[in-house]
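Visitor: According to TrEMBL, the feature active site, for GATase activity maps to CYS2. The L-glutamine binding site feature in TrEMBL is assigned to ASP98. Look at TrEMBL and you will find LEU257, ILE289, SER364, GLY365 tagged as ATP binding site. Per TrEMBL, the feature domain 'Glutamine amidotransferase type-2' maps to 2-192. The site 'Important for beta-aspartyl-AMP intermediate formation' annotation in TrEMBL covers GLU366.
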Amino acid sequence: MCGIWALFGSDDCLSVQCLSAMKIAHRGPDAFRFENVNGYTNCCFGFHRLAVVDQLFGMQPIRVKKYPYLWLCYNGEIYNHKKKMQHHFEFEYQTKVDGEIILHLYDKGGIEQTVCMLDGVFAFILLDTANKKVFLGRDTYGVRPLFKAMTEDGFLAVCSEAKGLVNLKHSTTPFLKVEPFLPGHYEVLDLKPNGKVASVEMVKYHHCRDEPLHALYDNVEKLFPGFEIETVKNNLRILFDNAIKKRLMTDRRIGCLLSGGLDSSLVAATLLKQLKEAHVQYPLQTFAIGMEDSTDLLAARKVANHIGSEHHEVLFNSEEGIQVLDEVIFSLETYDITTVRASVGMYLVSKYIRKNTDSVVIFSGEGSDELTQGYIYFHKAPSPEKAEEESERLLKELYLFDVLRADRTTAAHGLELRVPFLDHRFSSYYLSLPPDMRIPKNGIEKHLLRETFEDSNLIPKDILWRPKEAFSDGITSVKNSWFRILQEYIEHQVDDAMMAAAAQKFPFNTPKTKEGYYYRQIFERHYPGRADWLTHYWMPRWINATDPSARTLAHYKAAAKA
């Protein structure tokens with residue numbers, strides 16, 4: 001995890017423009033660097049480093065003697081870089097940095113072959129001054145963020161977070177349009193002699209359903225063909241184990257978020273097992289957050305006792321949660337209701353981890369709900385095929401919602417998040433299974449995932465079969481949900497007259513509730529005129545829902561009474 005920033009063809013003073021790069025300093029608290037590009041006085045790279053791999057030679061932009069014409073700034077982890085080194089023994093490595101493999105792969109086979117061979121999460125800016133090209137790329141699910149701004153005359157600005165671009169000035173426009181770079185894509189741009197660029201093509205190089213090309217060189221155990229249930233369960237266990245093992249790559253201490261739900265519990269238990277097998281000397285620290293009587297705290301405590309982790313419980317009250325809303329929305333760069341609600345707990349637990357521990361690389365269960373049809377509304381899917389379509393839609397939009405939340409709340413405190421459920425091999429295999437195998441069964445969502453680990457004794461049985469609890473709700477008691485606490489507070493902050501004029505004030509994505517209006521107000525204060533970063537609000541499908549919380553749904557209420 002780090003912060004990357006670059007300008008090509010700037011008309012303004014670079015030293016003034018570089019001040020914008022300091023807006024993402026939180027992403028890399030260990031070191032930072034600004035570097036001009038030889039021969040292009042109006043082109044510049046900025047980099048904020050969190051030293052996770054190769055603390056001595058890991059600064060960026062990465063330059064190596066063999067390719068003096070290549071400059072690379074990237075944010076992410078390439079988990080198969082050592083395997084690629086072994087496969088391409090002719091590559092002469094200068095550092096131990098995983099991202100260096102991008103330079104060697106690009107020089108050998110070009111940009112398309114490079115991105116298809118990267119097993120990991122990444123956002124990168126690659127400059128080739130010999131061939132006068134600039135390349136931008138982002139991983140399949142957008143786990144690592146990337147934003148760009150480009151003017152008609154060819155000025156290009158790129159940054160890990162939008163806040164590093166919104167204050168940039170350019171002579172041709174008073175308002176620089178900033179937009180997220182699409183996940184699973186790379187872009188090719190021509191570099192002109194004056195440092196400006198022209199876009200040549202934008203290419204979608206990978207779909208989540210397709211097995212990635214780098215799987216050809218993976219040394220994971222051979223999977224068995226066919227869709228017999230025991231075969232599928234065995235394959236899923238192999239792939240999940242492998243997804244966590246490859247993510248142990250770090251020189252810093254590993255920790256794990258633990259809500260006590262199925263996903264984070266499976267990650268924590270498997271992670272602890274893997275760390276023991278790797279003979280890691282320190283105990284695994286797990287972290288849970290909640291208010292008094294939180295259902296998550298009780299469940300997480302049970303899991304931690306079962307697996308034997310060094311467990312930390314972070315308590316907060318409603319006042320602390322409400323007070324942090326402004327900085328949470330500033331960090332997130334969104335006003336989506338469910339994202340803001342869920343981010344408060346994750347922001348506060350990340351703040352605790354940074355302040356009170358030396359854990360820096362943090363594992364979590366993000367992405368499982370989208371991949372394994374874990375949201376409660378999947379019980380109402382009209383057919384397995386419609387459920388499959390919805391699952392893929394959610395995965396495609398992760399970069400706007402859960403993945404965005406997970407990245408910004410942890411990065412705000414200089415932590416690096418790792419998400420094994422979004423591993424390329426695991427997710428593409430899961431999506432290849434017959435649609436009727438993946439749907440909720442017997443009134444239980446994620447039935448296949450639960451069944452897969454039924455006999456493993458990884459986690460307690462009642463946790464393995466614990467019904468879905470939204471993170472933003474589980475941090476409080478069943479009697480008083482977090483969203484109710486927020487709504488009661490906001491009721492006194494937004495009056496009926498403001499709501500009556502909401503469509504006039506906010507014609508795009510008009511908030512329908514006072515809570516939505518309140519978040520939008522905060523967002524507009526920090527990012528005026530940028531509402532289009534969020535294309536739509538996250539809401540359940542196939543039901544007449546007026547609120548994104550699972551606790552408002554009939555299925556949840558019935559389960560709570562049972």
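One-based numbering along the chain as shown.
Backbone N, Cα and C atoms are what each Cβ position is placed from, and that goes for glycine too.
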Visitor: List the Cα distance (Å, whole number) between the residue listed as 'L-glutamine binding site' and SER364 (ATP binding site).
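Guide: Given the Cα positions, the residue listed as 'L-glutamine binding site' is 21 Å from SER364 (ATP binding site).
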Visitor: Given the recorded positions CYS2, LEU257, ILE289, which one's Cα is the least distant from that of GLU366 (site 'Important for beta-aspartyl-AMP intermediate formation')?
Guide: LEU257
Visitor: Averaged over the whole of the domain 'Glutamine amidotransferase type-2' (2-192), what is the pLDDT?
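Guide: It averages 90.
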Visitor: Looking only at LEU257, ILE289, SER364, GLY365, which the record lists for ATP, tell me the maximum pairwise CA distance in angstrom.
Guide: 15
Visitor: Tell me which residues of the chain lie with their Cβ under 8 angstroms from that of GLY365 (ATP binding site), as long as they are six or more apart in sequence?
Guide: LEU257, SER259, GLY261, LEU262, ASP263, SER264, SER265, LEU266, VAL267, VAL419, PHE421
Visitor: Give me the non-local Cβ neighbours of CYS2 (active site, for GATase activity): same chain, 6+ apart in sequence, Cβ-Cβ under 8 Å, ordered along the sequence.
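Guide: Correct list: ARG27, GLY28, PHE47, HIS48, ARG49, LEU50, GLN60, ASN75, SER160.
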Visitor: Using a 10 Å radius around its CB, how many other CB atoms surround SER364 (ATP binding site)?
Guide: 26
Visitor: Which one of the recorded positions (ASP98, GLU366) has its C-beta surrounded by the most other C-beta atoms within 10 angstroms?
Guide: GLU366
Visitor: Please list, in sequence order, the residues in the chain of ILE289 (ATP binding site) that are at least six apart in sequence and whose C-beta is under 8 Å away from its C-beta.
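Guide: Once residues fewer than 6 apart are set aside, ILE289 (ATP binding site) is near ASP296, LEU297, GLU313, VAL314, LEU315, PHE316, GLY345, MET346, LEU348, VAL349, TYR352, ILE475.
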